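Undergrad: Supplied in structure tokens, the structure appears directly below.
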């Protein structure tokens, strides 16, 4: 009879250094904890200083917080340079930070300023993060650049026109950078979530259980709720050596929603 194993649990990011933008809350905070649990030294980048500092204090000396507005190139430069100065290198850049519309509206009701605000953070912020991560990864001849996009890039109707444009830009960036940076051993991918309850989606005091129930009813995969750990685990896979030959890909985490049109099956009584 075999006794209990004394082997330490396998840590998928052992020895790696990661920056996670938008890491103080939501998907980013879950990714910070998961990457740290798997052996990475993590730099949390956010503008939510109290949340970011509290999370870094909770996780200990291998995690630190740096204030960073990702739409400000000087702050992104400081973020990357400080991470390398503190931990000696940068292996993973997870460009997760993003914002939503003020309201889910028609293009007829969307002011130009809302589109500019979303592109400035969601698209340009990701561009700057990737640019300066690549600056330090190219000499290393190795690295992983990740983004959080959205399932609204796979099927219409999940996001507003302005939000969808800002996330489509990320898909173009992923493909372009995968082509350019592959010669340096740098992989570039993104994760595209279906709707889920995060601090960003719950602004205004919306009950997270209500969001989960609503998204589940609209979703394709029944009996499961998408939570932040589902996206963080997808990012962990793409950041780890388990995906060492995966680049230029959009990992859609939506329970099959974007590939299903149930109209015909419903007409024939095959599904409810």
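Glycine is treated like the rest: Cβ placed from N, Cα and C.
Feature list, courtesy of Swiss-Prot:
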ACT_SITE  150  active site, proton donor
ACT_SITE  163  active site, proton acceptor
ACT_SITE  167  active site, proton donor/acceptor
Undergrad: In whole Å, how far does the CA atom of residue 163 (active site, proton acceptor) lie from that of residue 150 (active site, proton donor)?
TA: 9
Undergrad: What is the separation, in Å, between the Cα atoms of residue 167 (active site, proton donor/acceptor) and the residue listed as 'active site, proton donor'?
TA: 6
Undergrad: Give the sequence-ordered list of residues that share a chain with residue 150 (active site, proton donor), lie 6 or more positions from it, and have CB atoms under 8 Å from its CB.
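TA: Once residues fewer than 6 apart are set aside, residue 150 (active site, proton donor) is near 158, 159, 163, 164, 167, 192, 193.
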